[in-house]
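Just below is one structure, and these are the notes that go with it.
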Amino acid sequence: MFHGSGLFALLLMVLEWTRPGLSSPLRPICDLRVLDHFIKEAWDAEAAMRACKDACSIATNFTVPLTRVDFDVWEAMNIEEQAQEVQSGLHVLNEAISSLQASNQTDVLQSHIDASISNIASIRQVLRSLRIPEYVSPTSGGEDKEMQNVSSISELFQVHINFLRGKVRLLLANAPVCHQGVS
(Lines of atoms letter the chains of each structure in order from A and count residues from 1; the text may use other names and numbers.)
(Lines give C-alpha, C1' and ligand atoms only; values in the text may rest on other atoms or scores of the structure.)
Protein backbone atom coordinates (compact mmCIF):
# COMPACT_ATOMS: atom_id res chain seq x y z
CA MET A 1 0.00 0.00 0.00
CA PHE A 2 1.18 3.52 -0.78
CA HIS A 3 1.29 5.59 2.42
CA GLY A 4 2.75 8.79 1.00
CA SER A 5 -0.45 9.94 -0.69
CA GLY A 6 0.38 13.53 0.08
CA LEU A 7 3.58 12.91 -1.83
CA PHE A 8 1.48 11.42 -4.66
CA ALA A 9 -0.49 14.65 -5.07
CA LEU A 10 2.70 16.71 -4.79
CA LEU A 11 4.40 14.51 -7.39
CA LEU A 12 1.51 15.06 -9.78
CA MET A 13 1.78 18.82 -9.27
CA VAL A 14 5.54 18.78 -9.91
CA LEU A 15 5.15 16.60 -12.99
CA GLU A 16 2.58 19.00 -14.39
CA TRP A 17 4.90 21.92 -13.63
CA THR A 18 7.92 20.39 -15.33
CA ARG A 19 6.02 19.48 -18.48
CA PRO A 20 7.52 21.32 -21.48
CA GLY A 21 5.85 24.58 -22.47
CA LEU A 22 4.31 25.31 -19.08
CA SER A 23 4.97 28.70 -17.59
CA SER A 24 2.91 28.43 -14.40
CA PRO A 25 4.52 26.71 -11.39
CA LEU A 26 1.19 25.33 -10.08
CA ARG A 27 -1.37 23.95 -12.45
CA PRO A 28 -4.76 22.86 -11.26
CA ILE A 29 -5.13 19.14 -10.72
CA CYS A 30 -8.21 18.35 -12.79
CA ASP A 31 -7.55 14.64 -13.31
CA LEU A 32 -10.09 12.66 -11.29
CA ARG A 33 -7.67 9.72 -11.13
CA VAL A 34 -6.01 11.58 -8.26
CA LEU A 35 -9.29 11.39 -6.34
CA ASP A 36 -9.67 7.73 -7.37
CA HIS A 37 -6.35 7.03 -5.64
CA PHE A 38 -7.68 8.53 -2.39
CA ILE A 39 -10.95 6.61 -2.73
CA LYS A 40 -9.04 3.34 -3.16
CA GLU A 41 -7.04 4.04 -0.01
CA ALA A 42 -10.28 4.83 1.86
CA TRP A 43 -11.69 1.49 0.64
CA ASP A 44 -8.58 -0.27 1.97
CA ALA A 45 -8.94 1.43 5.35
CA GLU A 46 -12.65 0.58 5.56
CA ALA A 47 -11.95 -3.07 4.66
CA ALA A 48 -9.26 -3.27 7.36
CA MET A 49 -11.62 -1.77 9.94
CA ARG A 50 -14.44 -4.14 8.93
CA ALA A 51 -12.13 -7.20 9.11
CA CYS A 52 -10.88 -6.18 12.52
CA LYS A 53 -14.37 -6.24 14.16
CA ASP A 54 -14.12 -6.34 17.98
CA ALA A 55 -10.42 -5.49 18.23
CA CYS A 56 -11.16 -2.20 16.46
CA SER A 57 -14.34 -1.27 18.26
CA ILE A 58 -14.57 1.98 20.11
CA ALA A 59 -17.40 3.06 22.36
CA THR A 60 -18.20 6.44 20.88
CA ASN A 61 -20.29 8.06 18.20
CA PHE A 62 -18.69 10.00 15.37
CA THR A 63 -20.22 13.06 13.78
CA VAL A 64 -19.86 12.77 10.02
CA PRO A 65 -21.23 14.62 7.00
CA LEU A 66 -24.30 13.41 5.16
CA THR A 67 -23.25 11.79 1.91
CA ARG A 68 -26.49 11.77 -0.04
CA VAL A 69 -26.72 14.32 -2.83
CA ASP A 70 -29.94 15.90 -4.05
CA PHE A 71 -28.73 16.80 -7.54
CA ASP A 72 -31.36 19.51 -8.05
CA VAL A 73 -30.28 21.24 -4.85
CA TRP A 74 -26.57 20.68 -5.61
CA GLU A 75 -26.80 22.16 -9.10
CA ALA A 76 -28.75 25.15 -7.79
CA MET A 77 -25.88 25.95 -5.40
CA ASN A 78 -23.08 28.24 -6.55
CA ILE A 79 -19.47 27.03 -6.45
CA GLU A 80 -18.82 28.79 -3.12
CA GLU A 81 -21.76 27.02 -1.46
CA GLN A 82 -20.68 23.66 -2.90
CA ALA A 83 -17.11 24.32 -1.77
CA GLN A 84 -18.25 25.21 1.75
CA GLU A 85 -20.28 22.00 1.98
CA VAL A 86 -17.34 19.88 0.80
CA GLN A 87 -14.77 21.71 2.92
CA SER A 88 -17.04 21.49 5.97
CA GLY A 89 -17.49 17.76 5.39
CA LEU A 90 -13.75 17.23 5.02
CA HIS A 91 -13.20 19.19 8.23
CA VAL A 92 -15.68 17.01 10.15
CA LEU A 93 -14.26 13.78 8.67
CA ASN A 94 -10.74 14.89 9.58
CA GLU A 95 -11.83 15.57 13.18
CA ALA A 96 -13.58 12.19 13.47
CA ILE A 97 -10.68 10.22 11.97
CA SER A 98 -8.12 12.21 13.99
CA SER A 99 -9.99 11.28 17.18
CA LEU A 100 -9.00 7.65 16.47
CA GLN A 101 -5.30 8.42 16.82
CA ALA A 102 -5.48 8.16 20.60
CA SER A 103 -7.48 4.90 20.60
CA ASN A 104 -4.49 2.50 20.75
CA GLN A 105 -5.22 0.66 17.51
CA THR A 106 -2.91 -1.94 15.99
CA ASP A 107 0.01 -0.70 13.89
CA VAL A 108 -1.74 -1.69 10.65
CA LEU A 109 -4.93 0.14 11.59
CA GLN A 110 -2.97 3.12 12.85
CA SER A 111 -1.25 3.32 9.47
CA HIS A 112 -4.68 3.44 7.75
CA ILE A 113 -5.79 6.18 10.13
CA ASP A 114 -2.62 8.19 9.50
CA ALA A 115 -2.93 7.68 5.73
CA SER A 116 -6.57 8.84 5.81
CA ILE A 117 -5.63 12.03 7.65
CA SER A 118 -2.81 12.63 5.18
CA ASN A 119 -5.18 11.99 2.27
CA ILE A 120 -7.66 14.57 3.53
CA ALA A 121 -4.82 17.11 3.72
CA SER A 122 -3.83 16.19 0.16
CA ILE A 123 -7.41 16.57 -1.06
CA ARG A 124 -7.44 20.03 0.48
CA GLN A 125 -4.23 20.78 -1.48
CA VAL A 126 -5.92 19.61 -4.68
CA LEU A 127 -8.89 21.87 -3.91
CA ARG A 128 -6.50 24.77 -3.31
CA SER A 129 -4.88 24.11 -6.70
CA LEU A 130 -8.35 24.45 -8.23
CA ARG A 131 -8.86 27.78 -6.45
CA ILE A 132 -11.76 26.34 -4.48
CA PRO A 133 -12.47 28.37 -1.32
CA GLU A 134 -11.12 26.90 1.89
CA TYR A 135 -13.17 25.87 4.92
CA VAL A 136 -14.69 28.73 6.86
CA SER A 137 -16.08 27.92 10.27
CA PRO A 138 -19.75 28.97 10.47
CA THR A 139 -20.55 31.83 12.81
CA SER A 140 -23.99 30.46 13.72
CA GLY A 141 -25.08 27.03 14.92
CA GLY A 142 -26.13 25.87 11.45
CA GLU A 143 -23.17 23.55 10.89
CA ASP A 144 -24.89 20.33 12.01
CA LYS A 145 -27.79 20.48 9.51
CA GLU A 146 -25.78 18.36 7.05
CA MET A 147 -24.36 15.97 9.65
CA GLN A 148 -25.19 12.56 11.07
CA ASN A 149 -23.81 10.23 13.72
CA VAL A 150 -22.30 6.79 13.18
CA SER A 151 -21.32 4.35 15.89
CA SER A 152 -18.47 2.29 14.46
CA ILE A 153 -15.09 2.86 12.88
CA SER A 154 -16.16 0.84 9.85
CA GLU A 155 -19.21 3.10 9.37
CA LEU A 156 -16.96 6.16 9.72
CA PHE A 157 -14.75 4.95 6.88
CA GLN A 158 -17.78 3.99 4.77
CA VAL A 159 -18.99 7.59 5.09
CA HIS A 160 -15.49 8.76 4.17
CA ILE A 161 -15.63 6.68 0.95
CA ASN A 162 -19.13 7.84 0.04
CA PHE A 163 -18.29 11.49 0.70
CA LEU A 164 -15.27 11.28 -1.61
CA ARG A 165 -17.23 9.41 -4.29
CA GLY A 166 -20.14 11.85 -4.06
CA LYS A 167 -19.75 15.48 -3.08
CA VAL A 168 -15.98 15.74 -3.47
CA ARG A 169 -16.10 14.13 -6.94
CA LEU A 170 -18.94 16.43 -8.02
CA LEU A 171 -17.03 19.51 -6.87
CA LEU A 172 -13.78 18.45 -8.55
CA ALA A 173 -15.49 17.40 -11.79
CA ASN A 174 -17.17 20.78 -12.12
CA ALA A 175 -14.37 23.04 -10.88
CA PRO A 176 -14.50 26.17 -13.06
CA VAL A 177 -10.72 26.32 -13.51
CA CYS A 178 -10.80 22.86 -15.15
CA HIS A 179 -13.27 24.01 -17.76
CA GLN A 180 -11.62 27.26 -18.85
CA GLY A 181 -11.06 27.32 -22.58
CA VAL A 182 -13.26 24.25 -23.12
CA SER A 183 -16.19 24.85 -25.42
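Glycine residues also receive a Cβ, built from the backbone N, Cα and C atoms like all the rest.
Quick caveat, the model's predicted, so the values are computed rather than measured.
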When you check TrEMBL, which of C30, C56 turns out to share a disulphide bond with C52?
C56
Rounded Cα distance in angstrom between C30 (disulfide bond) and C56 (disulfide bond) is 36
Report, in whole Å, the straight Cα-to-Cα distance of C178 (disulfide bond) from C56 (disulfide bond).
40
Close in space but at least six residues away in sequence, with Cβ under 8 Å from that of C52 (disulfide bond), the same-chain residues are T106, L109, I153
Please identify which of C30, C56, C178 has the densest Cβ environment, defined as other Cβ atoms within 10 Å, among these disulfide-bonded residues.
C56
